[in-house]
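Here's what TrEMBL has on this protein:
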BINDING   B:70, B:158, B:159, B:160, B:161, B:162, B:241, B:408, B:409, B:410, B:411  dTDP-4-dehydro-6-deoxy-alpha-D-glucose 1 binding site
BINDING   B:196, B:291, B:354, B:370, B:371, B:372, B:375, B:376  dTDP-4-dehydro-6-deoxy-alpha-D-glucose 2 binding site
DOMAIN    B:42-249  domain 'dTDP-4-dehydro-6-deoxy-alpha-D-glucopyranose 2,3-dehydratase'
DOMAIN    B:263-466  domain 'dTDP-4-dehydro-6-deoxy-alpha-D-glucopyranose 2,3-dehydratase'
REGION    B:1-21  region 'Disordered'
C-alpha cells in the first residue's frame, strides 16, 4: 500500500471513522442536481452526435476469413488473436444440479464462450464544481453498439491497455485509477459480467475523486448524478460499463428497514449458493455440440441464444483506427425486469438467485426476469421463465422504469435488452415467493455492491436505473 | 425461501431493522461469561478424555495397497473412492504472475491437491441458558488429529452426509442447519479452506439459535463463548472447523475507528486481487512433476511441503466404525502469526494478501506470516518469508497469544501450526508496510467474515484467537 494511504503525517497514530461521514450527503447533492456546471442534460445527445460525426466510424460484418489478426486455432478450433492477447472464443461444457440438496433437476449444455482472464479497469473520475460532484463521462465508440457511441466511464482499459498505454491524455486519466489516491476512492470493487457469454469475466469498477486540473479532450464531459440519472431513461445512451460503475455508488439509504434483515438476506443467499452445484469445464470450440460453424457465423442449431460473428471497424483519418474482431450477437431483444412491491412503505424488488455457466461462483443475484423471450417461444407456457408474462403484460401505469439498454459494445453486437421496473400486486408477486426468489430493498442491494459476485451485471443495471427513477426527468433541464 | 422467513402474520407488511439490535449485546454477554450452565471450563479436558476412552479409536498408517475402497484411477493416477463420493486427490498446475500489473515475478509449480467440489455444513447450535447464549460443541474424532478427539461444531456434514443421514440424533441436529429458521440464524456464510492443499474448497459456516429442547448424546456439551475462548488458549483442543465458525460470530465493535476506512481497506484488497494473476489447472496426479510416488506416500522430491499418505481407522464395538482413507500430511510444524500494533489506541493486525493455488479467486487475506519454516531452510535469509524472523525471535513478553492448533483432521494428518499474535514496534512493522500488506482492525476483519473469500482459514483461526485474548483464562473458572 502506498504511503499516501497513511493518515496525515501530523498525527501518525490517528484513526479515522470506518465510514466517510460526509460522502452520502455529497452523493445525494449530486443526485439532486439536474443542471450541470458544464453541459445541460438536453445537450448531451447533440454532443454525442457531434462526436459520432467527427469519428466517421464504420462497422461492417465480415466473414471469419477476413479477420486480420484473428484465426481459428488448429486442433481446438478456438478463435484467438495472433498476439495471444485480448480475448478468445472457446467452448464451455456446463453441468448444473439444483434442488434443495443437489438432488433436483439436472441441466447440461455446451456453448461457445468468451474467455478474457484479465481484470480491466472501468473508472469514472469525479470532481466538485460549485460544490457539487460531477463525473467525467466519455463519448466512446464501441463497434457492437447500434449507435456506435454511448456515454461511457472516463476510462475503460484492459490490462493490455494499461500496461502499454500510449496516448497522452489517456495515460494521464488512467493514472487516477492505476495508482488511486486512497483518500479519494469512492468506489473500487471487482464485479462480474455476463455469465452466459463470458467465462469468469470481471472488471474493476472504480470512482475516484480528484481536486486537480483535468485535461480532457472533446470526447469527455462532466455530468452530475442527477443528469446521468435522467439520461438513463433514454434508450441506448449510457453504456453497460457506466451503468455497472454507477450501480456501486454509495447512495444514502433513507429506508427504515427491510422485510428481511441483512443477515437473513445473506443467509438466504448462502443457501442458494449451497443448493446449486454448477460445474463448468472449458472444451475446444470445435467440439461444442449443437452449434453450427459457418463462414460468417457460429450459431445454435435451432437459431437460439446467440451467434459468434466478425466485424471490421474503421474510423476517420483523425481517429486513425482500423481493426477486425469477433463479436457475440444475441438473437433477439432481451428482457431484464424487477418486480417491485412496497412493504411497510419501503419499496422492495424481487431478486432471483441465478446460475450462469460463466460465473466464478455458482449463482449471483439477478433481476426477477432475465431472458430473451424468443429462446422460450418453442416451450409450453408452464416452462417459460417465472414472472415473464407478468412483466410483458403489465399495464403501462405500473411501469416505474423502462428503457432499452445496450450490453458491452466491445464484445457484443447489437445486444440490447428492455430493462423494466414493474409494480406488482400481492397476486402476481406474493410476500413468500417461490424457491430462488427473495424480496430485498435497493439499499440492501447497494450495500452488496461493495463486494463482488453478489449482483450480476443485469441486476446492477437495474439498480442504477432504480436510482434514476428518483431523479425522473422534469421539464426545463 | 420458506414461509417462516416472512414477518409475523399479524403485520404482513412490516419491515424490520437491517441489523438485529440486540444480538451484539447477547454475544458480548456470552463472551464475558466464563462459567457455563452445564460444564466448568476445567472439566472439558476430562470430558474429552472420557469420550476418547469410550471410542477406543485406533488410527494406523497403511500402504496405499491396503486402502479398501480407494484406488489410483488407471490413466490419471488420481486417488479416488470407488463410489465416486467423498474427495479425490488430483494434480494441480499453478502459474502466478504478480507485480503491479502482471509484469512482476512469475512463479509456476505443480502439486497434488484435494478436490471435493461440494459444500459441507459446519454448524454450531446456540441456545440461551439462564439468559446467556451457550454453544453446543461436539467431542469429535477425526483420524488426522494427534489426539483424535477435539472440540468441534455441533455438526460437520458433507453433502453426502446430509442427503443420506441415517443416525437419529445426527439427523435432528442437522435439521437445524439444513432448514434453518431464518429468524434464528446468527452466522451463515461460505468460507474457504486451505488453498495450498484444497482446490476451491468451501464450507457453509453456520450458527443457528434454538429455543426448543435439544436431544444430544454424551458427545455434546453446551459452552459459553467465554469458555470456548479460554479453551482456545490450549493446544490442539478446539478444532479448525469450530475456530472457523467462531471467527464469524458478530462480536460487538467498541473501537472508534481504524487507520484505514472500510472503503480504503476494500480498495486496497481490490488492488491486490487485480495485480495478482493466478491460473490453476487440474492435471492428472500421475503427471505432477517433482513429486515421487511410493508405496506408502506421494512426496516432494526434496521432502518439502507435504506427503499424501493413507490410514486405517477403527473404533470400539460401540462406535462400530472402520474405514481407510488418504490424508495429506504436512512436513513440519507451521507458523501463522499476526503482528499487532496499536494506532490511536486501537489494536491493528498486519494482514497479507496471499495467493494460494486452490483459492477460487486469486488472493485472500492471510496472517502476516503463514508458512512452514522448514520449507525455506534451504534459502538465503533474503528469500525467507517477510516478518518470519520477527515472529520467531519475538521476546515472550510481546506474545499476546500463542497456541498450537490442528488443521482439519478429516483430511490432514498431524497438520499443526503455532498460531501467534505478537506485539510489534514501528521498527519491525512500519505504519506503511510493503506491497501486499495492510493494517486492519479485528473489527474490520470480523465485518468481512460476513462474506466469503476474504479471510483465509488461518486468518480466521487467528481472528477467533484474538477474540479469545480478551477472555484470557483467570483463576476459579
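Just so it is clear, glycine is given a Cβ too, placed from its N, Cα and C backbone atoms.
Each residue contributes its Cα atom, and for residue B:370 (dTDP-4-dehydro-6-deoxy-alpha-D-glucose 2 binding site) and residue B:241 (dTDP-4-dehydro-6-deoxy-alpha-D-glucose 1 binding site) these two points are 18 Å apart. Looking at B:241, B:375, the binding-site residues in this record, the fewest other C-beta atoms within 10 angstroms of the C-beta turn up around B:375. Note on proximity: among B:70, B:159, B:409, the binding-site residues of the record, the Cα nearest residue B:291 (dTDP-4-dehydro-6-deoxy-alpha-D-glucose 2 binding site) is that of B:70. Summarised as a single figure, the pLDDT of the domain 'dTDP-4-dehydro-6-deoxy-alpha-D-glucopyranose 2,3-dehydratase' (B:263-466) averages 95.
The most densely surrounded of the binding-site residues B:370, B:372 is B:370 (count of other Cβ atoms within 10 A of its Cβ). Annotated pair residue B:196 (dTDP-4-dehydro-6-deoxy-alpha-D-glucose 2 binding site) and residue B:411 (dTDP-4-dehydro-6-deoxy-alpha-D-glucose 1 binding site), C-alpha to C-alpha distance, rounded: 13 Å. Between the two most distant C-alpha atoms of the annotated dTDP-4-dehydro-6-deoxy-alpha-D-glucose 2 binders (B:196, B:291, B:354, B:370, B:371, B:372, B:375, B:376) there are 24 Å. Residue B:354 (dTDP-4-dehydro-6-deoxy-alpha-D-glucose 2 binding site) falls within a strand when secondary structure is assigned with DSSP. DSSP assigns residue B:70 (dTDP-4-dehydro-6-deoxy-alpha-D-glucose 1 binding site) to a strand segment in the three-state reduction. In this entry, nothing among the binding-site residues B:196, B:241, B:370, B:376, B:411 has a C-beta under 8 A from a C-beta of chain A. By the criterion of other Cβ atoms within 10 Å of the residue's own Cβ, the least surrounded of the binding-site residues B:291, B:376 is B:376. Ranking the binding-site residues B:159, B:354, B:411 by the number of CB atoms within 10 A of their own CB puts B:411 at the top.
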